[in-house]
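Asker: Submitted below is the structure of interest, expressed as structure tokens.
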Amino acid sequence: MTEMLKGIAASDGVAVAKAYLLVQPDLSFETVTVEDTSAEEARLDAALAASQDELSVIREKAVESLGEEAAAVFDAHLMVLADPEMTGQIKETIRAKQVNAEAALTEVTDMFIAIFEGMEDNPYMQERAADIRDVTKRVLANLLGKKLPNPATINEESIVVAHDLTPSDTAQLNKKYVKAFVTNIGGRTSHSAIMARTLEIAAVLGTNNITELVKDGDILAVSGITGEVVINPTEEQIAEFKAAGEAYAKQKAEWALLKDAQTVTADGKHFELAANIGTPKDVEGVNDNGAEAVGLYRTEFLYMDSQDFPTEDDQYEAYKAVLEGMNGKPVVVRTMDIGGDKELPYFDLPKEMNPFLGYRALRISISETGNQMFRTQLRALLRASVHGKLRIMFPMVALLTEFRTAKGILEEEKAKLVAEGVAVADDIEVGIMIEIPAAAMLADQFAKEVDFFSIGTNDLIQYTMAADRMNEQVSYLYQPYNPSILRLINNVIKAAHAEGKWAGMCGEMAGDQTAVPLLVGMGLDEFSMSATSVLRTRSLMKKLDTAKMEEYANRALTECSTMEEVLELSKEYVNVD
């Protein structure tokens, strides 16, 4: 029987293939009284070690297929496994209650999950609850001798169907065989959606009940462009979906022809299309997709991939590799953004109720605790500056005094290197990320002292709307097109231009095809996105008329009071298919 569902279009693409139902094993168990608690602790240690080995392998595969940024979610999982407080409590429960490891594990992790989930105003802690739940499932499976589903074993063209896909599930998808996936829950900003876009696999999320309607082997037709899913489609529907897939493939082939083209609008105005990276390995993808710059190099992955603080020489080699790999094209390097959801096992940070609003990023760098680490990074960057066109960017800046302090440290290290006879480029631009509303509101003052702005919309939207984009209960508040967000962005761009400076954007919004026309109208100079979005965005920009987009942006800023009104207005101005 044919049935149609509508979900959230999370990753572009069209596919028709057999359904592969990702079924979770039965992890139920009985609580058993044990006499030999030492043996039970040994069982727990073995399960923890096996889980750690599995996650390490999955992380390595994720780095290869998805890049360092997407793979970083597994660092949080590995940290849960290594958390001495939690593992210590599990062992204490085994000894005190003389119960089997399964019962102790579940009792302790359920307690942690309940505590973290109870912090409803703290999205960071709620994300930790999700990490603990995912890791607990893996450890429990190892204790019970059960195998978790392994999507890596799929060896024929399939569409994966699941209630939800964990990051470890998504990281194991082989896009040679997995043509799409569909889930009951999730949205465009979930980890699985972001990974799907990186892998270029079609995805439709949030269908509510796809797992109740589909059996293994059913034929599915999926459009990650429209969000439509058809179960056991008719021959006519299959033909329609295949035609849509061919049209999309043809469109992608046309985009590929733009690799070496200039990014200019229909009326000849140039905009810079850049790409975001996490490691030197990512530069190949930047060049393959015709990006004109690296608009965001997230250097924290250098720290997260090390067992200790990376040395000045190690960092120098990494920065040099990126600058040389870009062959003179600009590279914006963000200084370390540690803290929040990025912890280092070798760097003790204080436990905080809300780390996203606490001691992180530049706040650590300019503090006494992080000062030497910051100076080491700046020296490495300054030494590497002679190998390309370096731009340095400070993250999480709220106050002008923070920028002045950071720039002062940079100047001190530059003077030391010059005194040592080390060559340093004399044309390094220094800017800040605009991700805190306070900085966006005071952009006119910052613009007098910085060389550029890069707007980090992911955090700017969260902080402005007071809504975690990963929290489904408040995800409706994560509104890139809300007029309040658009006005903040416009304020930053205009402030930069008033001082003869440039403004870029490195959040997801920069590559959002709905947002690009608005941002062109506002005069954003540089758009930095995932490398796989560059060619598509270049194609879109070639069809836009700047004057028309300026009129559209002006009306959106002055006439609209809701996101829905902005999106409705876009229909009058944007028709580039």
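Any Cβ shown, glycine's included, is placed from N, Cα and C.
Swiss-Prot lists HIS191 with the feature active site, tele-phosphohistidine intermediate. Annotation source Swiss-Prot lists phosphoenolpyruvate binding site at ARG298, ARG334, ASN458, ASP459, ARG469. Residues or ranges marked as Mg(2+) binding site in Swiss-Prot: GLU435, ASP459. According to Swiss-Prot, the feature active site, proton donor maps to CYS506, an assignment based on similarity to another entry.
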Asker: Inside 10 Å of the Cβ of the residue listed as 'active site, proton donor', count up the other Cβ atoms and send me the figure.
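Answerer: Taking every protein chain into account, the count is 29.
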Asker: Test of understanding: give the count of other CB atoms lying within 10 angstroms of the CB of GLU435 (Mg(2+) binding site).
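Answerer: Here the count is 26.
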Asker: Measuring CB to CB from ARG334 (phosphoenolpyruvate binding site), give everything in the same chain under 8 Å that is also at least six residues away in sequence.
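Answerer: Result: LEU296, TYR297, ARG298, THR299, MET393, PHE394, PRO395, MET433.
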Asker: Using DSSP, would you call GLU435 (Mg(2+) binding site) helix, strand or coil?
Answerer: coil
Asker: Tell me the coarse DSSP state (helix, strand, coil) of the residue listed as 'active site, proton donor'.
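Answerer: Note: the residue listed as 'active site, proton donor' is coil by DSSP, not helix or strand.
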Asker: Would you count the other C-beta atoms found within 10 angstroms of the C-beta of ASN458 (phosphoenolpyruvate binding site) for me?
Answerer: 17
Asker: If you skip the near sequence neighbours and keep only those at least six away, which residues in the chain come within under 8 angstroms of ASP459 (phosphoenolpyruvate binding site), Cβ to Cβ?
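Answerer: Looking at Cβ-Cβ distances below 8 Å from ASP459 (phosphoenolpyruvate binding site), excluding near sequence neighbours, one finds GLU435, ILE436, GLY507.
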Asker: Which state, by DSSP, holds ARG298 (phosphoenolpyruvate binding site): helix, strand or coil?
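Answerer: Strand, per DSSP.
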Asker: State the count of C-beta atoms found within 10 angstroms of the C-beta of ARG298 (phosphoenolpyruvate binding site), not counting that atom itself.
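Answerer: If we count other Cβ atoms within 10 Å of ARG298 (phosphoenolpyruvate binding site), we arrive at 22.
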Asker: How many whole Å apart are the CA atoms of ASN458 (phosphoenolpyruvate binding site) and CYS506 (active site, proton donor)?
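Answerer: Each residue's Cα considered, ASN458 (phosphoenolpyruvate binding site) and CYS506 (active site, proton donor) end up 9 Å apart.
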